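**Student:** Once you've had a glance at the structure underneath, I'll fire off some questions.
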Amino acid sequence: MKVELVFIPSPGVGHIRATTALAKLLVASDNRLSVTLIVIPSRVSDDASSSVYTNSEDRLRYILLPARDQTTDLVSYIDSQKPQVRAVVSKVAGDVSTRSDSRLAGIVVDMFCTSMIDIADEFNLSAYIFYTSNASYLGLQFHVQSLYDEKELDVSEFKDTEMKFDVPTLTQPFPAKCLPSVMLNKKWFPYVLGRARSFRATKGILVNSVADMEPQALSFFSGGNGNTNIPPVYAVGPIMDLESSGDEEKRKEILHWLKEQPTKSVVFLCFGSMGGFSEEQAREIAVALERSGHRFLWSLRRASPVGNKSNPPPGEFTNLEEILPKGFLDRTVEIGKIISWAPQVDVLNSPAIGAFVTHCGWNSILESLWFGVPMAAWPIYAEQQFNAFHMVDELGLAAEVKKEYRRDFLVEEPEIVTADEIERGIKCAMEQDSKMRKRVMEMKDKLHVALVDGGSSNCALKKFVQDVVDNVP
């Protein structure tokens, strides 16, 4: 019997790339499987994401939905797509029903698209989650929901406290100041609870992580700590799109510059597709870079206004000489390069890169570890504060810039991270013979081994496919 899955990624380049990479892995792992990937258009113009789904392939096809009103918040925007998604699923189900040897086996929805689970129920299909973050954070979501539903404990009341609490998927006490903004906000907290409850109602959760990277979390999910009412969790990572994309001329120029730099001599600063800073913060970064004495490749963009629910992407600074310290560009011309867009995978793969100052998006963390590059953690939004704690305190794979920093639509006025804090994080991450660098190299090996035939993630992927077949109604 042949089976087909429908994938629904969240809009945005990171989620679409990860979902596409997972879909490709699945169809390559089993000839019985086909995937239809329904692409919800990004709320912002994003050429990088459109390049992912330009061509359908054998047993993998893309259906791009027409754009809708893009001025609302992400949750409302995704919900507005349900009628279009329902129509596509109906057509796919109809097409599959005409083939006697095929069955529509289920829908795999992104962790932010849980409202689409209703569509699976309407068509009597199994629903699965693709959790594009880590297993430890998934455990935090379940734990926060359990605290509220079973003990009437609301973690949003921990805002602005120094409180720490135990999370079953972590070995270290977790500081409330590193909770994501949505968990600390009374308005958004019910949404957090609803998502966790929705996760429990599915047949399984695919997590973009590796068993050897998060043994505490995977032990918890396997039932080792008596947890109940959680579906099977499959650690199938690292799921990454390592293909080059974007402006080819800029890419060549950047890589040519890197080739001229000594091995492990360059600190790379890049903060994701939505990462930008104010003029004042950019000046602090510049001061820190110059003081550190290290060569640098800095992806610098201007932050969008705070408090905007539509969350527009960062823009460009029109005149760097006006916003950076006087003479900075002249003094660092031989050791530094400032860019707007960065071919991140290619840069991290360069022998010249010694450390990565990152916003701690999960894709960026996995890419950094895949190439064996130590990190300096500077989170900005979403679950990145948790990820920073996870990398710095739990696993010792990153130095800290400021792990509780945040700049998102719920923050009225972001604080300024000082040059001293930035310099300290850079110097620590760039240290050549550190224990942290050794741990990063060990983790690199674990990530690579997980994907080979017989590796933990390879086995988890095969187990998922078999469970999908077994769950066909």
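Glycine is no exception: its Cβ is also placed from the backbone N, Cα and C atoms.
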**Student:** The UDP-alpha-D-glucose site in Swiss-Prot lists A342, Q344, H359, W362, N363, S364, E367, E383, Q384. Which one of T98, T114, T132 belongs there according to the record?
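**Tutor:** As annotated by Swiss-Prot, A342, Q344, H359, W362, N363, S364, E367, E383, Q384 share the UDP-alpha-D-glucose site with T132, chosen from T98, T114, T132.
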**Student:** Between the binding-site residues Q344, W362, A382, which lies closest to H15 (active site, proton acceptor), Cα to Cα?
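**Tutor:** Nearest candidate: W362.
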**Student:** Between the Cα atoms of S364 (UDP-alpha-D-glucose binding site) and D110 (active site, charge relay), what distance do you get, rounded to the nearest Å?
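**Tutor:** So the Cα of D110 (active site, charge relay) lies 18 Å away from that of S364 (UDP-alpha-D-glucose binding site).
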**Student:** According to DSSP, which of helix, strand or coil covers E383 (UDP-alpha-D-glucose binding site)?
**Tutor:** coil
**Student:** Could you check which of the binding-site residues T132, Q344, A382, E383 is the closest Cα neighbour of D110 (active site, charge relay)?
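**Tutor:** Answer for the nearest of the binding-site residues: T132.
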**Student:** W362 (UDP-alpha-D-glucose binding site) to A382 (anthocyanidin binding site): how many Å between their Cα atoms?
**Tutor:** 10
